[in-house]
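> I have a structure here, written as structure tokens, and I will follow up with some questions on it.
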Amino acid sequence: MTLLDLFPSLRAAMAPRLDPALWPVTTNHDDHGRIRVGGVALDDIADQYGTPTYVLDEDDVRHRCHAYRTAFPDAEIAYAAKALMIRAVAGWVTSEGLSLDACSEGELALAQAAGIDPRRIILHGNAKTATLLRTAVDVGVGRIVVDSHTEIRLLASLAQGRQKVLIRATPGIAIHGHPALATGVDDQKFGFPIAEGHLDSAVRLVLEQSNLELVGLHCHLGSQITDSRFFAAAIDRMIGQMDQIRRDHGVLVSNLDLGGGHAVPYRPGDPELDPAALARVVEAALDDACARNRFPRPTVTLEPGRAIVARAGVTLYRVVSIKTVRDGRTFVAVDGGMSDNPRVALYGARYDVAVANRHPAGAHTPMTVVGRHCEAGDVLAHDVPLPCDLHPGDVLAVPCTGAYHHSLASTYNCIGRPPVVAVRGGTARELIRRETTADLLTRDVGL
Ligand SMILES: Cc1ncc(COP(=O)(O)O)c(C=O)c1O
């Protein structure tokens, strides 16, 4: 008999500390030592909805929106829907005063179904098809961010009335990190490089179209940016370009969209980009660049996606088997994997993992959590400390999985995608149901 059996009330107090930087704001432990989010035990969600399941804390999403609105009272905050697009989420963020950045017919349709004012939508994409542009024009999307000469001509042929546009520029700013995450440099597929007159040729082409109204410039430097000074450098270059447009063409553009890419921590100690700290740097850089160029202060738009929803999400898995191999490494195999979280295989992402269904008493040892897919690279978390008494049936929770998980999920190995369950005030409700084998069979229409 352990101390915890003698004094059950000690369980909550003795539960291991979960890093508040990674977990949803409402996370705590119940009297049994189980992890609770939004007042609901994750173990109960696993029982009710099965595993794997994405859990989403509505209060956390609203809390992040509020932090941005407070830090940037005069800026427009446009939630990047690509991080997680669900009608309910679109509703939460817009009710908190955010606009929406969308990039496909599907995202536009969900935004419409959520009742979002289309004038608050900004449309992105480096390869917008005629169908997408026609849909955006029909829907009445507020601003379209143009990304190629072909798109500018196509949009001009489709626009009804006067369509507001921004031009996506690449300011030539290289952020650190994985090459796939750096989009502010010239040698990649997005935008018009400022260098060698590419941006200017796009400006000219837009200004030649009588039904397009150039309202501003856009840039997106990349993902997981931890240093605000990259944004200061971008402001400096972009205001310089806006001033150049005024001088060369006599046109004053008034919207500067700085994209998203604000870092969140995935593991204890990871740096994050705090909205309040970012706001101070953005303000100072705007003051400086506008004064130097004698340029009127533009309306600033920011497009955080990950920073709004990542920490609201926790993914639940059930342990299927545990295996220790000869060199001593212990593999914990769970019932999900790279189909619900491809970020480890794609970017080498690292995660924290916790036991959710009980107080994990006793010693911990490093274990590697792997998925059920037919790939050796199907790993969810390398060398994370887990209790030595971990056993099949235990529920594992992976925090910081709200962004680019549901939206990047696949049906690899014909495994249906997990449900998304929202929690708030002690209640859980399903936002997206589990994809079933019957769903997969429905799409398989030929024999
Ligand atoms: C144009 C644009 N804006 C915003 C974002 C959101 O980035 P994040 O979720 O890292 O904030 C992206 C992400 O790829 C993007 O391409």
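Each Cβ is built from the backbone N, Cα and C atoms, and glycine gets one as well.
OK, TrEMBL features for this one:
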{"type": "DOMAIN", "residues": "59-310", "note": "domain 'Orn/DAP/Arg decarboxylase 2 N-terminal'"}
{"type": "MOD_RES", "residues": "K82", "note": "N6-(pyridoxal phosphate)lysine"}
{"type": "BINDING", "residues": "G261, E303, P304, G305, R306, Y404", "note": "pyridoxal 5'-phosphate binding site"}
{"type": "BINDING", "residues": "R306, R343, Y347, E375, Y404", "note": "substrate binding site"}
> Including all protein chains displayed, how many Cβ atoms other than that of G261 (pyridoxal 5'-phosphate binding site) lie within 10 Å of its Cβ?
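The answer is 28 other Cβ atoms.
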> P304 (pyridoxal 5'-phosphate binding site) to K82 (N6-(pyridoxal phosphate)lysine): how many Å between their Cα atoms?
10
> What subset of the recorded positions K82, G261, E303, G305, R306 lies within 10 angstroms of R343 (substrate binding site) at the C-alpha level?
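Of K82, G261, E303, G305, R306, within range: none.
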> Indicate the candidate from Y347, Y404 with the smallest number of other Cβ atoms within 10 Å of its Cβ, considering only these binding-site residues.
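Sparsest of the binding-site residues Y347, Y404 by Cβ contacts within 10 Å: Y347.
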> If you compare CA-to-CA distances from Y404 (pyridoxal 5'-phosphate binding site) to each of the recorded positions K82, Y347, E375, which comes out shortest?
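If we rank K82, Y347, E375 by Cα distance to Y404 (pyridoxal 5'-phosphate binding site), first place goes to K82.
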> So among K82, Y347, E375, all listed as recorded positions, which is physically nearest to G261 (pyridoxal 5'-phosphate binding site)? Use the C-alpha atoms.
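Closest by Cα distance to G261 (pyridoxal 5'-phosphate binding site) among the recorded positions K82, Y347, E375: K82.
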> Validating a neighbour-count step here. Other CB atoms within 10 A of the CB of E375 (substrate binding site): how many?
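Result for E375 (substrate binding site): 13 other Cβ atoms within 10 Å.
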> With the Cβ atom as the reference point and anything under 6 Å counting, tell me which of the binding-site residues (E303, G305, E375, Y404) are near ligand 1.
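Those binding-site residues that pass the cut-off, since their Cβ is under 6 Å from ligand 1, are E303, G305.
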> In Å, rounded, how far does the Cα of E375 (substrate binding site) sit from the Cα of R306 (pyridoxal 5'-phosphate binding site)?
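Computed Cα spacing between E375 (substrate binding site) and R306 (pyridoxal 5'-phosphate binding site) is 27 Å.
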> Within a 10 Å radius around the Cβ, which one of these recorded positions has the most neighbouring Cβ atoms: K82, R306, R343?
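Of the recorded positions K82, R306, R343, the most buried by Cβ count within 10 Å is R306.
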> Over the span of the domain 'Orn/DAP/Arg decarboxylase 2 N-terminal' (59-310), how high is the average pLDDT in this prediction?
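Mean pLDDT for the domain 'Orn/DAP/Arg decarboxylase 2 N-terminal' (59-310): 95.
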> Output, ordered by sequence, the same-chain residues six or more apart from G305 (pyridoxal 5'-phosphate binding site) with a CB under 8 Å from its CB, or 'none'.
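Looking at Cβ-Cβ distances below 8 Å from G305 (pyridoxal 5'-phosphate binding site), excluding near sequence neighbours, one finds Y79, A80, A81, K82, A83, L84, D101, G260, A403, Y404.
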> State, in Å as a whole number, the widest CA to CA span among the substrate-binding residues R306, R343, Y347, E375, Y404 given in the record.
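The substrate-binding residues span at most 27 Å between Cα atoms.
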> Rounded to a whole angstrom, what is the C-alpha distance between E303 (pyridoxal 5'-phosphate binding site) and Y347 (substrate binding site)?
21
